[in-house]
């Protein structure tokens, strides 16, 4: 039983990370109806840019390597590059494709993900880099003592960070002017335009926010497994999460992430040995697929009505 | 005036319904096939035949498969490489387990295996569409590769899941030289491409296009959605399966399931985007483009830019160029290279006078 809980908690915590990446998808899909396959590449780009700045900044500015100042400066610079990337994407890729079928936009973002991967590695190199956020990967002692369950403190930190991020986003969407405008745009582009909401700025902001989410996700994933090309595959993990939660729902991304994370780990541990292991690669997809057949719009998705 | 069809009267229904109604097209295609069948084996060296022309033909076949599904029937698929894997392993097992199995029949059976698997993974398309379906085909991509690795029966209990294609033998003749393998591939690809071309302009093809353009409307006018969509999945996977079998037998020789990964699926998708979505000829143009581009970049960039760039940059450049081209084509010419050829044809109709 104790082992079961350990696996479950581990799965839930990794699910939080999937949810973080899925969140970036949801934000963009909600506001512009674009299914951004390049989100994984953006996570990679963000993490790589952050680490890259961490490396070069001490040389440029004379700041102490690994210090707080360098950390925050690198963070700001990485965030700025993500916002620039987002705005450029919107201008160069999406604007000319307005009014095209969603599938075309989707294929364009597949192209975008190749482009972003290539640029990221072209600038910063392809080597695997470590990223130290200053949190140790040791078991949480109180849980260890009381219930004898092994939970890494780093995972707990990641979960808390993700939770805070989601809370901030929720508040931002609910209570700020921009948040309200974003929700209006998400509901209906044309109606939002007609009451004077500047669609261009809104899209730029959305891509900026998605870039911010990608940066946070990339930093946490990168600190966990090193900053490397495999980060782009986080997009592939986020897809079943989205399917499960619905493309347009922030809570859906969170709940979907938790379900996928937990069920994937449990399946790997309990079902995997029976069939030869390694089922983590496809289990989330099959789960999402089975779920789709029952409820095509996902857990929290909007029901779609077709008209001729 | 090269393409002027004035004076070509059609007096019978047969004449009106042929695949290439314009005489210039008929002559052109016959010439093209003639050149590829007779001249190319004579002038091309082994490297070109083995490493460039044969794979281009094989990938064209896979691209035709995906084009039928995505370009004509409008169902986005990201799992074409997995269906190629099914075809390759299907043909391998058929030849291995049935004595005296003719190669062509094995090829067809490999395609049939892929078609059956394709129908299974096409079933969700009845309930879901668009992005959701793309994710369903991703499930096929990961699941099939995993099954082929884990179930050792498929690879005849080889330790690493790698299979080595048996020798191709038809009527006692063994296809060993690159020329013979190339000619065999060419023959199969030409036949299947003509079949596909014919299929997409038949009732079936029009039903696919109706479903692609608006499935609800198609259903309203009496097209049975389920049959049409599943047929598209079956035919598309059949083509991919045969392409996969040829990939194993006529091109690589030794294949492993992981060779048919997501990257290959994306490459095939890129082929149809660049070549032209919803065009058989585009599949050939796209395949040639995607196979040749990396070779071109590898050879050309170091020569031009010299020591300025490192080898790793060249491989990144490939990613950038691929991604950039996809976006460029989607924006500037959503119908791909095939559309350029069509425009050229229109111009040639009037040439040398513009009106």
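Glycine is no exception: its Cβ is also placed from the backbone N, Cα and C atoms.
All TrEMBL annotations are machine predictions without curation.
Taken from TrEMBL as is:
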TRANSMEM  A:6-29  transmembrane segment
TRANSMEM  A:41-63  transmembrane segment
TRANSMEM  A:69-93  transmembrane segment
TRANSMEM  A:105-127  transmembrane segment
TRANSMEM  A:147-173  transmembrane segment
TRANSMEM  A:202-221  transmembrane segment
TRANSMEM  A:241-262  transmembrane segment
TRANSMEM  A:269-294  transmembrane segment
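Simply put, out of A:69-93, A:105-127, A:147-173, A:202-221, A:269-294, A:269-294 has the most Cβ pairs sitting under 8 Å from the transmembrane segment (A:241-262). Three or more CB pairs closer than 8 A are found between the transmembrane segment (A:202-221) and the transmembrane segment (A:69-93), so contact between the two stretches is assigned (pairs 6 or more residues apart). Counting Cβ pairs under 8 Å to the transmembrane segment (A:6-29), the stretch among A:41-63, A:69-93, A:147-173 with the most such contacts is A:147-173.
When each of A:41-63, A:147-173, A:269-294 is scored by its Cβ pairs under 8 Å to the transmembrane segment (A:105-127), the top-ranked stretch turns out to be A:41-63.
For the transmembrane segment (A:41-63), the most Cβ-contacting stretch among A:69-93, A:147-173, A:269-294 is A:69-93 (pairs under 8 Å). Cβ atoms under 8 Å from those of the transmembrane segment (A:147-173) belong to residues 2, 5-6, 9-10, 12-14, 16-17, 19-20, 23, 27, 133, 135-140, 179, 182-183, 209, 213, 216, 220, 223-224, 250, 254 of the same chain, restricted to positions at least 6 beyond its ends.
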